[in-house]
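Asks: As annotated in Swiss-Prot:
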- C8-C19: disulfide bond (DISULFID)
- C13-C28: disulfide bond (DISULFID)
- C18-C51: disulfide bond (DISULFID)
- C38-C59: disulfide bond (DISULFID)
- C53-C65: disulfide bond (DISULFID)
- Q1: pyrrolidone carboxylic acid (MOD_RES)
Amino acid sequence: QWIPGQSCTNADCGEGQCCTGGSYNRHCQSLSDDGKPCQRPNKYDEYKFGCPCKEGLMCQVINYCQKK
(Lines of atoms letter the chains of each structure in order from A and count residues from 1; the text may use other names and numbers.)
(Lines give C-alpha, C1' and ligand atoms only; values in the text may rest on other atoms or scores of the structure.)
Protein backbone atom coordinates (compact mmCIF):
# COMPACT_ATOMS: atom_id res chain seq x y z
CA GLN A 1 0.00 0.00 0.00
CA TRP A 2 1.38 3.37 -1.06
CA ILE A 3 1.70 6.04 1.62
CA PRO A 4 1.39 9.69 0.46
CA GLY A 5 4.76 11.41 0.63
CA GLN A 6 6.69 8.24 -0.19
CA SER A 7 8.01 7.16 -3.57
CA CYS A 8 5.96 4.50 -5.36
CA THR A 9 6.03 1.87 -8.06
CA ASN A 10 3.01 0.87 -10.17
CA ALA A 11 2.60 -2.21 -7.94
CA ASP A 12 2.03 0.15 -4.97
CA CYS A 13 -0.84 1.97 -6.67
CA GLY A 14 -4.44 0.83 -6.67
CA GLU A 15 -6.54 -0.33 -9.61
CA GLY A 16 -7.12 2.48 -12.09
CA GLN A 17 -3.91 4.27 -11.05
CA CYS A 18 -0.28 4.47 -12.09
CA CYS A 19 2.89 5.72 -10.43
CA THR A 20 4.10 8.93 -12.06
CA GLY A 21 6.59 11.72 -11.42
CA GLY A 22 10.31 12.40 -11.40
CA SER A 23 13.01 10.45 -9.62
CA TYR A 24 12.37 12.02 -6.21
CA ASN A 25 8.67 12.92 -6.43
CA ARG A 26 6.82 9.80 -7.56
CA HIS A 27 3.17 9.44 -6.56
CA CYS A 28 0.06 7.40 -7.40
CA GLN A 29 -2.32 9.14 -9.78
CA SER A 30 -5.58 8.11 -11.47
CA LEU A 31 -5.54 6.99 -15.09
CA SER A 32 -6.26 9.95 -17.37
CA ASP A 33 -9.78 10.96 -18.47
CA ASP A 34 -11.02 12.32 -21.81
CA GLY A 35 -9.33 15.66 -22.55
CA LYS A 36 -6.73 15.23 -19.80
CA PRO A 37 -2.93 14.99 -20.21
CA CYS A 38 -1.59 11.46 -20.63
CA GLN A 39 1.48 9.42 -21.37
CA ARG A 40 1.35 6.40 -23.68
CA PRO A 41 1.87 2.96 -22.16
CA ASN A 42 5.46 1.76 -22.53
CA LYS A 43 7.31 -1.52 -22.08
CA TYR A 44 8.98 -0.27 -18.88
CA ASP A 45 5.63 0.74 -17.32
CA GLU A 46 7.25 4.00 -16.17
CA TYR A 47 5.54 7.37 -16.37
CA LYS A 48 7.08 10.80 -15.77
CA PHE A 49 4.31 13.35 -16.39
CA GLY A 50 0.99 11.50 -16.52
CA CYS A 51 -0.74 8.13 -16.56
CA PRO A 52 -2.04 6.24 -19.56
CA CYS A 53 -5.69 6.85 -20.49
CA LYS A 54 -8.64 5.04 -18.98
CA GLU A 55 -10.12 2.13 -20.93
CA GLY A 56 -11.87 3.20 -24.14
CA LEU A 57 -9.60 6.24 -24.58
CA MET A 58 -6.30 6.63 -26.41
CA CYS A 59 -3.38 8.97 -25.78
CA GLN A 60 -3.00 11.21 -28.84
CA VAL A 61 0.31 12.50 -30.23
CA ILE A 62 -0.30 15.76 -28.32
CA ASN A 63 -0.43 13.73 -25.06
CA TYR A 64 -4.13 14.22 -24.33
CA CYS A 65 -6.73 11.45 -24.01
CA GLN A 66 -9.47 11.16 -26.62
CA LYS A 67 -12.14 8.59 -27.37
CA LYS A 68 -10.93 5.86 -29.73
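Positions of Cβ are set from backbone N, Cα and C atoms, glycine also.
Give me the structural setting of these features: burial, nearby parts and distances.
Replies: DSSP assigns C13 (disulfide bond) to coil, not to a helix or a strand.
According to DSSP, C51 (disulfide bond) is assigned to coil rather than to any helix or strand.
C38 (disulfide bond): 25 other CB atoms within 10 A of its CB, across all protein chains.
Taking Cβ-Cβ distances under 8 Å and a sequence separation of 6 or more, the neighbours of C65 (disulfide bond) in its chain are S32, D33, D34, G35, K36, P37, C38, C53, K54, L57, M58, C59.
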Asks: Give me the non-local Cβ neighbours of C51 (disulfide bond): same chain, 6+ apart in sequence, Cβ-Cβ under 8 Å, ordered along the sequence.
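Replies: Those within reach of C51 (disulfide bond), by Cβ under 8 Å and sequence separation of 6 or more, are Q17, C18, T20, Q29, S30, L31, S32, C38, Q39.
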Asks: Would you count the other CB atoms within 10 A of the CB of C53 (disulfide bond), including those on all shown protein chains?
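Replies: Excluding its own Cβ, the number within 10 Å is 25.
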Asks: Could you measure between C28 (disulfide bond) and C19 (disulfide bond) for me? Cα positions, answer in whole angstrom.
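Replies: Distance between the two Cα atoms comes out at 4 Å.
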